[in-house]
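Worksheet: one structure, shown below.
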Amino acid sequence: MIKLNIDGSEIEVSEGSTVYQACTQAGKEIPHFCYHERLKIAGNCRMCLVEMEKSPKPIASCAMPVSNGMVIHTDTPMVKKAREGVMEFLLINHPLDCPICDQGGECDLQDQAFRYGKGTNRFHENKRSIKDKYMGPLIKTAMTRCIQCTRCIRFANDIAGIEEMGAIHRGEHMEVTSYLEQTLDSEMSGNMIDICPVGALNSKPYAFKARKWELKHTASIGVHDAEGSNIRIDSRGDEVMRILPRVNEEINEEWLSDKNRFSYDGLKYQRLDLPYIRKNGKLVEASWSEALKTIADKIKSVKPEKIAAIAGSLVSVEAMFMLKTLLQKLGSNNYSVNQFDYKFDTTQRGNYLFNTTIAGVEKADLCLLIGANLRQIAPVLNSRIGQRVRAGSLKVARIGEGHNQTYRIQDLGSDIKIIEELAIGTHEFTKALKAAKYPMIIVGDGVYARDDGYAILSLIHKIVAEYNIMRDDFQGFNMLHNHASIVGGLDIGFNTPIKLEELELTYLLGADELPFDKLKSAFIIYQGHHGDSGAANADVILPAAAYTEQSGIYVNLEGRPQIAEKAVAPVGVAKEDIEIIKELAGSLKIDIGMDNLQEVRVRLAKEYKIFANIDKIVESKFAKFSFKDKLSKEPITMGPINYYMTDVISKNSVTMAKCVEAKEKRNERAA
């Protein structure tokens, strides 16, 4: 520990800390622009100047390491004058257009100019003006406002892992740019908007829509992937205006993927706001009572074993649990969250979880990806791994034909024989597995989406056992899920095998990705919020609330249950999922023993201990899985993935459609 004096108080800080960090620990407010605790130090802005005894001039506290016996002053006349001077220089070329700037009201420059500036301007010459840059459909630029803090450049290099931002020219003529002025290639580019301390980088979809003080803030969870990123929904009235990240050190830190951030406009289009019944081959509007009576009459006429429920990728645990309870009361045990027919082993909970945990990857020293496209399936997790790789603390290898990653990776090939050789110890890479202290394996849909997925998974379990990858001090076996509802559904047993061709009645709870040709003879009920393929094939449509319009629990890929709170009201006469299921049970004269959300959660917590520990990870058991089957000769591939359109909300997002178009144009230029 290092001892130093700050404004007359003795404090101790860790060796390697900066003066800025020491001052912050001592409770001192130090203004800054370029410094960010998650980025490398740049020392560009000089706003963090403090006085150090025996130094003839102020020092940049963000770049100065602490040493024993230092005496620091943060509020002397010298410091005040230095900060006033720095602020005056920063404002020389700034346009001072706060009334029309989207950053107004939440701008670091605005706040610090008011707190530390002089209040008068001595500069009367012409200001510098810079042409705005094109960075794609997500980021709107106003580069005349840029103060060259280089946060965006450092984020692109250090966090996103794609070196596509930089500075050109020098001095007053310096410009921050994306070089070729084309769409940014990162799936996390929106975070540059958050870390920009001025209004140089703004959200293009949110431009000129609202001011911060007009918005209601609601804590929620990102549902467009299985990471469980913590988000804040900003709404005005019943409209979602924007989505921002919330800090959660164990999951997303303070970052957010572009799909979770920008796809919210999909909530406005193709919404189901009325019940519908198919009559004479056409869907016609109906009342709630008429729709529920039609369903109840049909259910009574069908044998229980011919009834099944299938949940989609955006469904909450409470909705699945309530529907499961209803089906069991009817005498049916056919229900599944697995609309893609993924090959999951549910022998033990640890067999289908990301056991290392998202934060735990920082302990690993070797990572083997098998059929896993981390960059597009889990961008935030991919960023964590990339930072470790660039720091030289982690080596990553891959089995499977895949997409470009944002870090150096050893490509082992895509042949199934590689996994077989690893299982028996004859492959060259086994040396690395044996030498690693904390090896981890990540299994993606390139494995569990295959017909021979169980057989491959059995081989992977042999590798796990052979190299002691699952042990008390480090659990290195991980399943990489790609949908928000899957882990929660598996946790409550909403995963029984279903033969679609034999069904006479199918209840689709937000499920749109089924092979509907296998359901031609079935009566289809669709409960959901968007008019997609599920609604198009339905005989009865029940309009439901989206994730922003109801409260629900989602379990992320590491097994952590989290609550997404209700931000706005449902559209039209749409209702919340559990309310619809409760009313349907009433129409069937069935008592499912749960009348509201609180009662559902109490029952969940009693039956499954993980739901008594919200926001926490409960220790899960792991068991070796063995399955004998013929292996396909097909190579392991991740397949083409349209990152921006993976569910009914993102598919109906105009912003996501623009991203797809912009990415295609970028790829054409690259070709």
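A Cβ is built for glycine as well, from the same backbone N, Cα and C atoms used for every other residue.
If you look up Swiss-Prot, you'll see 1-78 marked as domain '2Fe-2S ferredoxin-type'. Across the domain '2Fe-2S ferredoxin-type' (1-78), DSSP helix (H, G, I), strand (E, B) and coil residues number 9 helix, 21 strand, 48 coil.
What Swiss-Prot lists as [2Fe-2S] cluster binding site is CYS34, CYS45, CYS48, CYS62.
What Swiss-Prot lists as domain '4Fe-4S His(Cys)3-ligated-type' is 78-117. Within its own chain, the domain '4Fe-4S His(Cys)3-ligated-type' (78-117) is flanked in space by residues 31, 33, 45-47, 49-51, 58, 123, 127-128, 140, 142, 144-145, 147, 172, 196-199, 202-203, 206-208, 211-213, which lie at least six positions past its ends and keep a Cβ under 8 Å from the stretch.
Annotation comment: Swiss-Prot describes HIS94, CYS98, CYS101, CYS107 as [4Fe-4S] cluster 1 binding site, evidence class sequence analysis. Cβ contacts within 10 Å of HIS94 ([4Fe-4S] cluster 1 binding site), excluding its own Cβ and spanning all protein chains shown: 19. HIS94 ([4Fe-4S] cluster 1 binding site) carries neither a helix nor a strand DSSP state and counts as coil.
The Cβ neighbour count for CYS146 ([4Fe-4S] cluster 2 binding site), using a 10 Å radius over every protein chain in view, is 25. Marked as [4Fe-4S] cluster 2 binding site by Swiss-Prot: CYS146, CYS149, CYS152, CYS196.
Per-residue pLDDT, averaged across the domain '4Fe-4S Mo/W bis-MGD-type' (215-271), gives 98. What Swiss-Prot lists as domain '4Fe-4S Mo/W bis-MGD-type' is 215-271.
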Conformational class of CYS101 ([4Fe-4S] cluster 1 binding site) under the three-state DSSP mapping: coil
Within 10 angstroms of CYS34 ([2Fe-2S] cluster binding site), Cα basis - binding-site residues out of HIS94, CYS101, CYS107, CYS146, CYS149, CYS196: CYS149, CYS196
CYS62 ([2Fe-2S] cluster binding site): tally of other CB atoms within 10 A of its CB: 27
Nonlocal residues around CYS45 ([2Fe-2S] cluster binding site), in sequence order (Cβ under 8 Å, 6 or more apart): HIS32, PHE33, CYS34, TYR35, VAL86, LEU90, ILE147, CYS149
Of CYS48, CYS107, CYS149 (the binding-site residues), the residue whose Cβ has the fewest other Cβ atoms within 10 Å: CYS107
Extra residues within 8 Å (Cβ to Cβ centroid of CYS34, CYS45, CYS48, CYS62), [2Fe-2S] cluster: TYR20, HIS32, PHE33, TYR35, ALA42, GLY43, ASN44, ARG46, MET47, ALA60, SER61, ALA63, CYS149
Between CYS152 ([4Fe-4S] cluster 2 binding site) and CYS98 ([4Fe-4S] cluster 1 binding site), the C-alpha gap once rounded to whole angstrom: 21
Extra residues within 8 Å (Cβ to Cβ centroid of CYS146, CYS149, CYS152, CYS196), [4Fe-4S] cluster 2: ILE147, GLN148, THR150, ARG151, VAL176, MET192, ILE195, PRO197, VAL198, ALA200, LEU201
